[in-house]
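Structure first, commentary second.
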Amino acid sequence: MSVILLLLNSIGFIVPVLLAVALLTLIERKVLGYMQLRKGPNIVGPYGLLQPIADGFKLIIKETLKPSNASPYLFYLSPVLFFFLSILLWSIIPVINSTLNFNLSLILILGLSSLSVYSLLGSGWSSNSNYSFLGGVRAVAQTISYEISLGLILLSVVVFSGGFNIGLISSVQNECWLAVCCFPLFSIWFISTLAETNRAPFDLTEGESSNSFQGTMLNIPGGPFALFFIAEYANIIFMNLFSVLLFLGGGSPVNLLFPINIISVIFKTVALVVLFLWIRASYPRFRYDQLMYLTWKKYLPLSLGLLIFFKFLLSLNKDYLQDY
């Protein structure tokens with residue numbers, strides 16, 4: 001019976017994630033269209049609402065072709081692993097009932113997000129293409145570089161909240177959000193999440209010019225590409241939801257009023273997602289050396305300095321140290 005309940009719980013959060021990804025693809029094209037003074041998708045269904053279904057059907061019916069010199073197993077295993085890790089991250093978020101809700105959930109999220117680089121590198125290497133391999137190396141270097149800054153920012157959040165549990169971190173922000181109290185920390189976190197999810201202006205791994213078109217997914221056919229695509233957009237929604245829980249107080253100021261607290265979380269997440277799209281429509285792509293310069297010479301020293309500064313300020317409060 002417990003296995004059946006666990007299976008139903010898993011399906012209960014997988015289906016909404018897939019629906020949210022489909023809706024995000026439509027919202028992205030609509031928002032970018034209106035920002036560029038055009039309508040976006042408006043043919044398939046009323047007002048283009050069925051466009052995600054048409055896109056998914058198109059990818060599914062495409063023939064799955066494998067390059068003749070590609071690795072026979074890793075070529076198909078990498079997209080599945082990337083999709084599985086992306087969906088597994090959602091089981092930790094305690095929105096209603098978390099499948100894996102425990103005290104060290106922050107560490108688990110950081111570890112699972114780090115594992116995705118293996119699927120990206122494996123996908124680039126297994127296709128036996130120089131362009132795909134270079135795109136995979138770029139993706140790995142970018143992800144690892146910005147994860148260091150994200151890890152230091154998470155340590156600062158832990159210092160403020162006194163624990164590694166996501167529910168605890170959200171509950172301590174009832175009076176003041178960390179995004180307000182520590183705005184420099186939140187700004188570094190938000191920009192780093194753009195780089196972590198390979199979004200503009202940090203989407204160098206999927207450059208649309210001749211430098212590395214589609215990057216590691218250059219030779220990926222329709223079905224496996226759909227897994228990469230779904231996982232990438234699921235990561236975008238997840239990182240914004242994670243930002244809401246860490247810095248915007250989750251469902252506060254109505255944490256105890258169900259379902260208003262869920263609506264509050266969804267509203268904040270959608271606002272951050274639209275901000276992602278707004279940045280994509282407004283800013284040009286960084287050069288790769290500028291991307292690395294930003295994280296290693298700007299964000300890493302700044303996030304480390306803020307961590308030491310916040311720890312020093314809180315160490316002056318002896319009552320806090322006793323509770324901690």
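Placement of Cβ uses the backbone N, Cα and C atoms for every residue, glycine included.
Annotated transmembrane segment per Swiss-Prot: 3-23 (among others), in sequence order.
Annotation comment: Swiss-Prot describes 76-96 (among others) as transmembrane segment, evidence class sequence analysis.
Among residues of the same chain six or more beyond the transmembrane segment (102-122), those with a C-beta under 8 A of the stretch's C-beta atoms are 74, 77-79, 81-82, 85-86, 88-89, 92, 94, 136-137, 139-140, 143-144, 147, 150-151, 154, 157-158, 163-166, 169, 196, 205, 216, 235, 242. Per Swiss-Prot, transmembrane segment is recorded for 102-122 (among others).
Taken from Swiss-Prot, the feature transmembrane segment covers 148-168 (among others). Listed by sequence, the residues of this chain that lie at least six past the ends of the transmembrane segment (148-168) yet keep a Cβ under 8 A from its Cβ atoms are 92-94, 101-107, 110, 178, 182, 185, 188-189, 192-193, 196, 245-247, 295, 299-300, 303-304, 306-307, 310-311, 314, 320, 323-324.
Annotated transmembrane segment per Swiss-Prot: 175-195 (among others), in sequence order, evidence recorded as sequence analysis. Long-range contacts of the transmembrane segment (175-195) within the same chain: residues 142, 145-146, 149-150, 153, 156-157, 160, 201-202, 239-240, 243, 246-249, 252, 272, 276, 279, 291, 295, 299, 302-303, 306, 310, each at least 6 residues beyond the stretch ends and with a Cβ under 8 Å from a Cβ of the stretch.
Here Swiss-Prot flags 227-247 (among others) as transmembrane segment.
The list of residues near the transmembrane segment (256-276) in space but at least 6 beyond its ends in sequence, with Cβ under 8 angstroms from a Cβ of it, reads 24, 27, 31, 95-96, 190, 194, 199, 236-237, 240-241, 243-245, 248, 250. As annotated by Swiss-Prot, transmembrane segment applies to 256-276 (among others), with the evidence given as sequence analysis.
Under the heading transmembrane segment, Swiss-Prot lists 294-314 (among others), citing sequence analysis as support. Sequence-distant contacts of the transmembrane segment (294-314) (same chain, at least 6 residues past either end, Cβ-Cβ under 8 Å): 145-146, 148-149, 152-153, 155-156, 159-160, 182, 184-185, 188, 191-192, 195, 286, 320-321, 324.
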